[in-house]
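These notes concern the structure reproduced below.
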Amino acid sequence: MSHSKKSLFAAYSNDDDGDGDGDDLYLEEHQKVTSTNTPSSSWFSNSSYKEKQENVIDTVTSKTQLKRASDFFNLDSDNTFSSPPPPSSSPPLYSKTEKKNNDKVKIIMKKRSFIDSSSDDNSDDDDNDSSSSDQDSSDDDSGGFTYNRKKYKKEQQQQENEENEENERKNRKKEKKKKRKDKKFKNDDKSMMIISNENSENYSDNSSYFIEKTGDKVFSSRTSTPNYNYDNSFILGMSDYKIGFSKKEGYQIEPISLTSFNKQQINNRYFTKPSSSSSSSSQSQQQLITVITKRKEIEEIEKVKPISNIKDPSKSNDDEIKLIVLNENNHDNDDDDNDDDDNETLERKTLKKNSELNKLVEQYPNNIEYWIDLVKFQENFQQFSRNVNKSKTSMYEKQLSIYRNSLLHNPDSEILTIEYLKLASKLWDQQKVLDLWNKVLSSSSSSSSSSIISEKLWKEYIEFCLSNFNDFKIEKIKETIITIIRKMLVKRRSFKVKDYNFMENISNLEESILQFISQLSKLLNQAGFSERVIGIYQSLIEFNCFEPIQLSNETQATLLKEFKSYWSSLDYPKIGNPNSIGWSKSFTILLNNSINNNNNKNNNNNNNNNNNNNNNNNNNNNNNNNNNNNNNNNNNNNNNMDLDNLDNLSIEEIEKLLKEQEDQENQDNENIFNITHKSKDLNEDDDNENNNNNQEEQEDNDSNSNDNDNNNNKFNTWGKKEIELDELKWKPLDINNNLEVNKEVNENDTERVVLFNDFYELLFRFVKEENKLELVFQFLEFLGVPISLLDDKIQPRYSFYHPQRRDSINSIHNENIISLLFKDLKQQPSPPSPSPEYPNWFKTFDKFSNNNNNSQNLLGLSDDKIKFIDSIYKLILENSNGIKLKEKLYVSYIMFKASIDINDAKVYTKSLCEKFKNLIYFDIFASLELKSGKTQQARTIYQTTCFYINQLINQQAQQQQQQLQIDLVYREYLFMELNLIYQTIEKDPQILKRFIKSNHKPIELFFTPLHILQCYLDGNYKQYSSSTFNLNTINQFLNQLNLKFLQKLQQQQQQQQQNSSSSSSSSSSSSSSSSSSSSSVDFLLCYCIFELLSNGFDGFLILFKRITSSSTNDYLKIFSIQHELLTIRCIDMVTKIAPLIGTDPKRIKNLIIDSLNQYYDHPKLLSLFLNWESKNQLINRIRIYFDLNSINNINNNNGGDDGGSSIFWLFAIKFESNRIGAAQRIKSLFEKAISTTQKHNIIFWKLYIEFEINRGRLKIAKSIYYRSIKQLPFSKQIWLLPFTNSKLSLIFNNQEFNEIINLINEKGIRLRILTPKVSN
């Protein structure tokens, strides 16, 4: 037998020298076999998972072992015994288990071609020869050998017994450790790890499978270490695949051939040296063929793409495992390609993505979204540069070039134009950008089409002007907004009645006009011109809501003429003032007086004609005078004729006429103000007072010129007086005949008197009634009445993301209104201010907490302003003919009264119930009693209202509007009872425990709400009694109620389909009919709560998602008013009731987060979220939510178009306001807030500066102040902060004070009193 064909087994069994070289040969060959037998280089094939072959012992003994055996048995060297005894009588040198292992090794080695068949036969022959020779030599001296052999057996058995005992001890210890580990695993996790017994039994006979020990005690003795190189096909459902890992893709399914077979492994897997045998070459060729066939089988398998990560921190971000596909061209370089993919840098990925976006832009140049995505993606390259400032400029230039190319393909795109100009303002000079804006606006306004003006362009232009500090002036902004409004009115005239969606276009345009009016009023008010703003709103409301009936068919010029006479009359106070009666009544009085005057004139003329004969000379003189007067009157009449024919004139001619009138009125007003100082004594007294004041000021300046503290005190007193006058003298001044009131006004301050010329350009009539009501609400919000935050009873007027509503939400600047935002938030105990343990900056946010719980003047309004607002409500509700939708106005008036005095509000609501018999007022009356803490009175009101509903149903068939009110009353009654149950258990949680321990069912808690639902569906209310429900029939009762809800829902859906089909012909009435015919929000809320009580949280969630995700129903379209009300009210009640019926808290939290994804800054949802997470003290979870949404807020990726929300940032700051060590986070929140469109909001800059002052960082506060005046050059409060804050004034010198005052005068900010003059 040659060495080339000698197997490892034969080489070990035949040792010619007998010196133990066979052992060395065995070690060498064993090392080679184990080295070649290692698996591939994948992460599964590391050293800890190799197959253990340490226990493998060969079956043939060597001569050294025989020598050791002869020494052990005391055999002489002269003895002829040279071979071991026969197998039947010789003691075993290994145990039975080792025999089995050797047999298995033989089978494995045969399968893997370690042993040739020929060598195996030769070895068997050698064994037979050796055994026959042993038998021949065993005849001599067998007695001593048998004795020693028995002795050896006993000792061997003792050793085996001791080894078995030690093994049993070790196994017991391992089992105990394993039991301890198994207790840590849950049933779900354990079931994932355990391999089923069926599958393991199928593969137990095959020795090549090493079953995992973890979790399966049957196969625990197979191996001491876990091995993961078993066949995965029965687990994964596919053969020839395994799970791999890479840095780029993570865990992925890859074919075994990808890592197990390459060229080197194929050549060196089974042989350490190249073999010349034909059998080995044929085997290697067959293996290559099998590898190629396996690769061809998996070529067409597609990749499994991962799921995109959800940004919810509470949800898992697990991706699906990818499947790698092998291509035919790169079989040999698979490992190299994977290494390249793993080592692919982030820069390479960004370049790939950038090239893809460039290709999309080239293919679809008219797609604006692709251009914007390409521009925004350029920001990703900034992370690869070391110098951030240089990279920003280069990035801006690159983005500008992309925008230029996009505008070449889309020159009429407003979005691209606006984004281009926004970006240019960051890089170019402001004057250059302003010139470019003027070109854009002139080209857009010169169009002769119906789109003569673009609201978006003008809004962005105003935003640019507010940020352009160098060129900013109040008068410029005012003129710009007025020109925009006039152009929009011209656009409204271009609409024709026959056009499609005529009323919708009119409504949208008028809403845009209201937005510009609101913006103008806020700018003028913040600049100090509050009287002019109030005059504008007064004139618009009088002109639209109190139009005289006699002038309803008159032209615009006639209306302006008559309104001018009414406004300039001194006998009739305007709306808001005491004893105001409105334009309509005052016009009838003026008309009657003019008729009486004409009659008197006619009588006088008759008397004069009788005396003509006696006074001829006098008559001649009088005629001459009369001729002169007639000439003057003719000129005036010509002007009036021009005003009467205003509709026939062009806009330019109208402007000329109005300017002429302005000049005349200005001259008249100057004459009026000159008349006020006729008496010489008053003039002399005033001059003496002024001289004395000037002398005192000069003496103070001389004495305190070197004393900076006194100078600062002067500036502080001046600034505080200026702010006090703004708060006191906010109302316009009426000009009386004697003009005695003007003594309190500065002689140079004529801004307190509002003239007709100050607002005549803004006078126009609204077409839609809803916009007239919105004008009133806008005026009330300007005066300090937050309509949307007063109470939940006031329904929103617009959808959540409507620009008008977003504007009112983001215009919060009053600290008292801010406290109303957090009324639903569970207040944390505020730390004591003098305590040294808490930082000083805590007192910055004291205004956030509403400590005034006595419901007296929650709005913090002054008495004169409360009377002014009350007069507006009364006049509009009692005397207005122009507003027909007064129900919302009544509700807001009740809630305004409740915020001032709740008892007065209850008396007024009771009078409305007796007057109108409206179910809504009954509901409000019950809610006011509930707020007062009178629960039983509120329940009595609801019960009497339900009995009254029974009478209404029996008398006549209820109309649609009446049915909606019935749904409202029952739903409010239901929610009141549920809230009482929740509040009772929240005060004493032991009640619920005692209730459950007494073997009561949770449904028994809600018998009263279920009774209300039964009466609601039956349409017949009955008094609740304890015998109403029976526990034995409760399931049958719930099934009946469920059927009734389903039947009612189907009926309403059928009516909706019929009404929608009938109203499809008339487009004007389609919007109103769809809302009135749909299922009411209150009915759907009752249905959802019933599902929660009867079928648990699962049944409720199915119904809620089915209702809110209905795409066919426009009534419940996402972000609509009805969708918002349904979502907010339903989740509010679910968070209270669902924990009482054993719902998992995590599911409730997920429901809140899903709703916040739709309404990310809703105050109610944010309060619910913070209250829910605060129970578990999970601060990081709340911070993660605000951090993730702040990115969307800054990048304008939320649902709104405003690009920022003041409510969102205020809630984020409020959450951190009472936490020690949160100063840096609050500072970062302020910086993020002012980087959005909230940079023009006063409240953030004001709080930020005060926050840094309380931290003791005055220099930082000073730098923030200079940043604030650059973004808010129109805000008088921001300008005067160094003059009103004593701490901040310490770091300003006299020169800086004087410079600030000069800038205030330059920007056109109004100052009521003279500024102190102090030398630098």
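Cβ coordinates come from backbone N, Cα and C, glycine included.
Marked as coiled coil by Swiss-Prot on the basis of sequence analysis: 146-186, 591-699. Summarising the annotation, Swiss-Prot assigns compositional bias 'Acidic residues' to 14-26, 118-129. According to Swiss-Prot, the compositional bias 'Low complexity' annotation covers 34-48, 598-640, 703-713. According to Swiss-Prot, the compositional bias 'Basic residues' annotation covers 170-184. As annotated by Swiss-Prot, region 'Disordered' applies to 1-55, 74-203, 598-644, 676-716, 1056-1078. Taken from Swiss-Prot, the feature repeat 'HAT 2' covers 428-467. The annotation repeat 'HAT 3' is assigned in Swiss-Prot to 864-899. The repeat 'HAT 4' annotation in Swiss-Prot covers 1221-1254. The feature repeat 'HAT 5' is assigned by Swiss-Prot to 1256-1288.
Residues 466-467, 469, 472, 474, 477, 523, 526-528, 712, 715-716, 718-720, 722-723, 726, 840, 1234, 1239-1240, 1242, 1245-1246, 1248-1250, 1296-1297, 1300, 1303-1304, 1307, 1309-1310 of the same chain, all 6+ positions outside the repeat 'HAT 5' (1256-1288), place their C-beta atoms under 8 angstroms from a C-beta of that stretch. Residues 541, 544-547, 549, 575-578, 580-582, 584-585, 730-731, 769-770, 772-773, 776-777, 779-780, 783-785, 787, 790-791, 793-795, 797, 855, 857-858, 905, 908-909, 912, 918, 920-921, 924, 928, 931 of the same chain sit 6 or more residues outside the repeat 'HAT 3' (864-899) yet have a Cβ under 8 Å from a Cβ within it. Applying DSSP to the repeat 'HAT 3' (864-899) sorts its residues as follows: 29 helix, 0 strand, 7 coil. Each residue of the repeat 'HAT 4' (1221-1254) gets a DSSP state, and the totals for helix, strand and coil are 28 helix, 0 strand, 6 coil. On the 0 to 100 pLDDT scale, the repeat 'HAT 3' (864-899) averages 90 in this prediction.
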